């Protein structure tokens, strides 16, 4: 069974797009998308962010978002984080209870010693935020305030995540196709027109011309990882240098460039 990262990478390559193009379309940082495809989820973000970005990327690649999230939950990463947090909280409570018992036992030998140690323990409790020793009513109010502040911060974070998630799903720009670089000649396919893709496996200089009319469909240098969509308008000649850095993509199937650096492609318009 393929891993989550393998499915994401395969779907992206099938669409003939690069990580940078996917990042521009989804408004998710490219380094996060790269980590998803590498099955690395140690992202320094709240868990709800990680889930939201993973679902958004899966939906963008036309993969079932719910299935991807269920498989991610099956990894048990979130449970491990919660167990770690629980151990930390309960560890603090155990420490506080132990301190309280020790203070109680130290008060029993004599009244004078108990009075002195009572003042000392009260001062210590005031300075120690982890203690649970009652302080005449004031301590309970202080703890409640801290809990309210903590829960308020969590609620604010959840609202922020929801807003970001909705923006990522519905606020994406429709103009996510790569734009031509300065000095680049590129006749982009019109809306609904069939095309094939040029995928740069390394920096490569490419020229695509129509064999019959000599029309230049593309001329320029494609950076590593970028893709150029060329309209299918009949027989075309492709010249690339270095040849090994160029790959064709027809309908999601990759084809390497010929070693000589020149190829003729029969790319009639699809009906």
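Residue 1 is the first one shown; counting continues down the chain.
Just so you know, glycine gets a Cβ as well, placed from its N, Cα and C.
Feature annotations, reproduced from TrEMBL:
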- 101-110: compositional bias 'Basic and acidic residues' (COMPBIAS)
- 118-129: compositional bias 'Polar residues' (COMPBIAS)
- 8-45: domain 'HTH cro/C1-type' (DOMAIN)
- 100-131: region 'Disordered' (REGION)
- 147-170: transmembrane segment (TRANSMEM)
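Mean model confidence of the domain 'HTH cro/C1-type' (8-45) amounts to 93 (pLDDT, 0 to 100 scale). Residue counts for the domain 'HTH cro/C1-type' (8-45) by DSSP state, with H, G and I taken as helix and E and B as strand, are 24 helix, 0 strand, 14 coil.
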